[in-house]
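If you look up TrEMBL, you'll see 12-92 marked as domain 'Prepilin peptidase A24 N-terminal'. Per TrEMBL, the feature domain 'Prepilin type IV endopeptidase peptidase' maps to 104-208. Here TrEMBL flags 6-23, 43-61, 73-92, 97-116, 122-141, 150-171, 191-218, 239-257 as transmembrane segment.
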Amino acid sequence: MSLTFILGSIGLGLIAGSFLNALSFRFHTGTSIMHGRSRCMRCGHTLSALDLVPVLSYVLLGGRCRYCGVHISIQYPLVEIVAGVLSLGVYLTNPSILMYAFWFFVWMLILFIVVYDIRHTVIPWSCSLLLIGLSLLYIFANQSVPLEQLFAGPALAAPLLFVSLISQGMWMGWGDGVFELSLGWLLGLTLGLSALMIAIWSGALIGVILIVVERIVARLTPTASSRKSKWGFTMRSELPFAPFLALGAAVCYFFHVDLFSHIAIFF
C-alpha cells in the first residue's frame, strides 16, 4: 500500500471531520450549510484559513479563539481525529477507489449521526433515510452480498423498535431502531448481531460508570446545596445510544469481530 494514499486518506478524513463539525452546528438551524464563512460562536469574528486547519489549529491556539480567547469545544479536534482514523481504516479495508469512496461516505454519515445524537439526543430522519438508501444500494449493487442479508436489517432493528413502541420512545428513541436497520443491512446478520451486543454491553457499562461517578461526587461534595454534580446522571437520565451502535459496528466491521464464531468452538 502506498504511503501517499495512506496519508491522503488520513488528510481527507481530517478535512471531512472539519466539515462534519460545522454541519453539526448548522444543521436544522436555518443557517446555510454550503455558504457562509465559519465564525467564532461567541465573538462572531470570521475565521481565517489558518484558524481552520484540522487539529493543528486547535493545538497551536491552545484550544482558544484567536480573537476573543473563548475556549473552543473539544468536539472539533476529536471529531476530526476520529474521521481521519475512520478514513484510514476504510482505505486499509477497501483499497479500491470505488469501494473506498462508498464506505468513506457511509462512515462519515455514521459519524455525523453519532455527533448529532450526542449533541441533541436525536437522529435526523434525513440522515437515517440516506443511510438506508446506501445500505440497500450496497446489497443490490454488490454481487458478493447475498440477498438473504435483506432479512438482517429488520431482524436486528425489530427488538429496538419494539422497546421504542412499548415505551412510546421514552426508553429508546425511534431513530435508534432505524439506525440499526441500516447497520444490519451493511454488516449482515452475524456481524450485525455481534455489533448490537457490543453496543448494549458498552452502553450498560458506561451508564453504570456514570451513575457510580455521580454518587461518588455527591458523597464527596462538602455542602448539601452542591451535592449534585455537573452531570446529574441517574437511572432516568437519557443516554444517546447511537454512539454505542456505531462503536459496535466499527469494531465488527474493521476488526471482523464475530462473537458467534468464538462461541461456536464450545459446542
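Each Cβ is built from the backbone N, Cα and C atoms, and glycine gets one as well.
Please treat TrEMBL annotations as automatic predictions, because they have not gone through curation.
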Counting a contact as 3 or more Cβ pairs under 8 Å, with residues at least 6 apart in sequence, do the transmembrane segment (6-23) and the transmembrane segment (122-141) touch? no
On the domain 'Prepilin peptidase A24 N-terminal' (12-92), the mean of the pLDDT values is 89
Are the transmembrane segment (239-257) and the transmembrane segment (43-61) close enough to be called in contact, which here means at least 3 C-beta pairs under 8 A that are separated by 6 or more residues? no
Checking 43-61, 73-92, 97-116, 191-218 against the transmembrane segment (150-171) for Cβ pairs under 8 Å, the most are found for 191-218
With DSSP as the yardstick, break the domain 'Prepilin peptidase A24 N-terminal' (12-92) down into helix, strand and coil residue counts. 41 helix, 4 strand, 36 coil
